[in-house]
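Residues annotated as substrate binding site in TrEMBL: 28-35, Arg84, 117-120, Lys128, 146-147. Marked as active site, tele-phosphohistidine intermediate by TrEMBL: His29. What TrEMBL records for Glu117 is active site, proton donor/acceptor. Marked as site 'Transition state stabilizer' by TrEMBL: His212. What TrEMBL lists as domain 'EF-hand' is 291-320.
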Amino acid sequence: MQRMLRAAARAARRRENQRSVSTLILLRHGQSKWNGADAIFSGWVDVPLTVKGRVEAVGAGQLLRERGFPAKRVDVAFTSNLQRAHETCELALASMAGAQQDTWHSDRIRRDARLNERHYGSLQGWRKADPELVQGFGSDMLLSWRRTMDAKPPPMTKEHHHYDPDAPRTETLRDCQKRVVACWETTIAPALFEEENLPTEIENRTILVAAHSNTLRMLMAYFDEVADEKVPELYVPNAVPIIYRFDPRTRKPLSRKLDTQSGGSHARWLLSPSNHAQVQEALQSGGMLTRALFESIDVERKGRLTAAEFDAGIKTLMADAEHVDCVVVGVAKKIARESVTPNCSVSLAEFEELAQAAVSELHAEEHIDYDAEHRWD
């Protein structure tokens with residue numbers, strides 16, 4: 001009986017793998033010169049990537065290629081009018097092509113200002129922790145402008161150093177979401193589900209969107225129907241690919257919704273040894289990345305993992321980075337070695353609980369200090 005059930009499960013998985021899937025890859029730009037510890041409100045200011053940001057973009061492309069997304073699978077890519085996103089898009093696609101550079105062309109990239117970062121009004125160009133800003137507006141008001149849907153920063157005037165007559169004067173997050181969703185509905189979705197004369201049939205099409213923290217966050221909130229008060233829980237790290245799979249007929253997400261602090265998401269994050277540093281914060285409370293790690297090890301989709309399976313999964317993950325031991329992998333190692341006995345196994349829910357405890361211990365041991373102010377913009 002067990003053999004028959006296993007055979008039926010394998011057949012079901014084969015049918016699942018053969019069904020039509022439209023894939024959307026979301027990719028935030030690599031580190032820009034205004035990201036980092038001394039973060040500055042960037043908005044529509046055309047800030048370039050740092051060297052690290054370019055390396056991150058290439059690494060994201062390599063990871064996508066290794067996970068079954070070579071450049072030739074990307075029918076079209078969308079990006080903003082800002083160079084940090086456009087360059088990330090080009091570098092990622094070139095890296096996805098690998099040695100087969102003739103499989104992609106820059107004319108496959110379409111730019112759209114509606115994918116630009118949220119406009120921060122007169123705050124653009126200021127350091128986020130600048131004492132003059134805090135003294136002038138108060139920390140509560142600054143936090144409200146950044147993390148609530150309807151608070152609007154002071155508008156930019158013509159005298160502002162970064163004034164652009166073609167840009168908005170200021171935006172709320174809701175303003176940003178409206179234009180991004182409009183871009184999805186009128187431009188990106190038609191390319192994914194309707195447009196003819198693209199290399200791949202509609203039933204198995206792949207599109208890349210390289211954009212910015214807030215624009216991608218607003219798209220994710222739209223796809224996952226995230227409540228306004230939960231939007232601050234959405235975290236979009238630099239240059240970490242985020243995958244959404246859609247049914248091309250219904251245009252609804254196919255992947256089951258994973259519970260997260262923001263209320264649940266259909267997204268899947270691509271993890272690698274090189275991008276763990278960017279995603280450590282999202283592990284602090286369990287959530288999406290903890291589940292992504294569990295699912296990447298649970299290759300047989302049993303819903304439970306033994307200590308041996310943890311060890312095997314970690315070795316696979318670390319195969320191309322022997323000396324990397326980031327917090328993400330450290331969490332799994334700690335659970336495998338200290339919490340799962342050889343003859344027992346843990347479920348996803350148990351793994352999440354253990355992960356929260358393990359992260360807290362690792363942070364205490366390594367004195368890791370996470371600044372929540374730098375998570376967002």
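Including glycine, each Cβ sits where the backbone N, Cα and C put it.
What TrEMBL annotates, mapped onto the structure for a quick look.
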residue : record                                          : CB count, 10 Å
His29   : active site, tele-phosphohistidine intermediate : 32
Gly30   : substrate binding site                          : 28
Ser32   : substrate binding site                          : 27
Trp34   : substrate binding site                          : 21
Arg84   : substrate binding site                          : 31
Glu117  : active site, proton donor/acceptor              : 27
Arg118  : substrate binding site                          : 28
Tyr120  : substrate binding site                          : 28
Arg146  : substrate binding site                          : 20
His212  : site 'Transition state stabilizer'              : 28
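Calculated from their C-alpha atoms, the gap between Glu117 (active site, proton donor/acceptor) and the residue listed as 'active site, tele-phosphohistidine intermediate' amounts to 11 Å.
Geometry remark: Arg84 (substrate binding site) versus His29 (active site, tele-phosphohistidine intermediate), CA distance 6 Å. Of the recorded residues, Trp34 (substrate binding site) and His212 (site 'Transition state stabilizer') place their C-alpha atoms 13 Å from one another. Between the CA atoms of His212 (site 'Transition state stabilizer') and Gly30 (substrate binding site) there is a gap of 9 Å.
When other Cβ atoms within 10 Å of the Cβ of Arg28 (substrate binding site) are tallied across all protein chains shown, the result is 28. The distance from the Cα of Arg146 (substrate binding site) to the Cα of His29 (active site, tele-phosphohistidine intermediate) comes to 19 Å. A Cα-Cα distance of 14 Å separates Arg118 (substrate binding site) from the residue listed as 'active site, tele-phosphohistidine intermediate'.
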